[in-house]
Amino acid sequence: METKQKLLVAKIGGNIIEDKNALDSFLKDFSKVEGPRILIHGGGKSATKLASRLGVRTEMIDGRRITSAENLEIVVMTYAGLLNKTIVAGLQKNNCNALGLTGADANLIVADKRPAQFVDYGYVGDVTSVNSKTLKGFLELGITPVFCAVTHDTNGQLFNTNADTIASEIASAMGAYYDVSLFYCFELKGVLENIEDKDSVIEYINLEKYSELRDAEAISDGMLPKLKNCFDALQKDVSKVHIANADFIKDNTIKHTTLSL
Ligand SMILES: Nc1ncnc2c1ncn2[C@@H]1O[C@H](COP(=O)(O)OP(=O)(O)O)[C@@H](O)[C@H]1O
Ligand SMILES: CC(=O)N[C@@H](CCC(=O)OP(=O)(O)O)C(=O)O
């Protein structure tokens, strides 16, 4: 059987992006990773802060932002503008040839407006396709794609899409060509049994444990979409999925959470 080349798909969240030292350190370590790699970043915290400065209300339900037309302007400015370009410049500083992207660029990620069933999320998109062939072309040129949490519908409409979902969808699509590892990097050590105890890391979570954690209401907020996205990726074409501290990028032996079906 033909062995596929390894590909790292890493995602960093808002708490890392907001902490200059943590971000600098992550970007330095990420730049040292050998072989093809893709970075996805969130930045929900920064968008919430800008909204508050502009007097615009923020509402999150189950870890996802209710995105009005005004919120969409804020998230596009924040994610596709300041944050994406700051991260790209930080990678360039470390000799990593990064290319900052939204899903609209090169038609890379297409989404449909999330249907308003129980909750109307507004301008939130659910991913329908990832242009994996074009992404592979970038990787083969030695370019490191850096995605923010913005997608489009091919009809001129931009959408806000959870960054964890973008990471999961990209990892799954790239599984057709590569042996993909997906790392969700954040400020904690992993998924915690007890959110009050930062050392109570659950080292392995399978579907059964996931169901137990949900029943016990041990997971909430952004961890809800994150875990769903981990299992979605494993059910598609992704070999390994980890939730870990941002330091995991340089030291794969630190305590963290590994997901399996
Ligand atoms: N059991 C849990 N273990 C770890 N984090 C949890 C748990 N339940 C809820 N959370 C929350 O989920 C957050 C991570 O989700 P999110 O904010 O979306 O992450 P990111 O920084 O990657 O965007 C944590 O900061 C924490 O507040
Ligand atoms: C639809 C939706 O919720 N989109 C997210 C996108 C940013 C994100 O995911 O940021 P973190 O990774 O820092 O949480 C939001 O606007 O908060």
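For all residues, glycine too, the Cβ spot is worked out from N, Cα and C.
The following features are taken from TrEMBL:
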- G43, G44, R65, N160: substrate binding site (BINDING)
- 6-245: domain 'Aspartate/glutamate/uridylate kinase' (DOMAIN)
- K11: site 'Transition state stabilizer' (SITE)
- K226: site 'Transition state stabilizer' (SITE)
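On the structure: features taken from TrEMBL.
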residue : record                             : CB count, 10 Å
K11     : site 'Transition state stabilizer' : 28
G43     : substrate binding site             : 27
G44     : substrate binding site             : 25
R65     : substrate binding site             : 24
N160    : substrate binding site             : 28
K226    : site 'Transition state stabilizer' : 23
Open item on the list: Here's one to test understanding: among the binding-site residues G43, G44, R65, N160, whose C-alpha is closest in space to the C-alpha of K11 (site 'Transition state stabilizer')?
Closed with: G43
Task: recorded positions close to ligand 2 - of K11, G43, K226, only those whose C-beta is under 6 Å away - done: G43
TODO: Determine which residues of this chain, when G43, G44, R65, N160 are set aside, have a Cβ within 8 Å of the centroid of the substrate site's Cβ atoms, and list them as they appear in the sequence.
DONE: G14, G42, A47, T48, T67, V75, T78, Y79, A149, N162, A163
Task: Nearest-integer angstrom distance between the alpha carbons (Cα) of R65 (substrate binding site) and K226 (site 'Transition state stabilizer') - done: 14
- [ ] Round to a whole number and give the Cα-to-Cα distance in Å for the pair N160 (substrate binding site) and K226 (site 'Transition state stabilizer').
- [x] 16
- [ ] Between the Cα atoms of K226 (site 'Transition state stabilizer') and G43 (substrate binding site), find the distance and write it as a whole number of Å.
- [x] 14
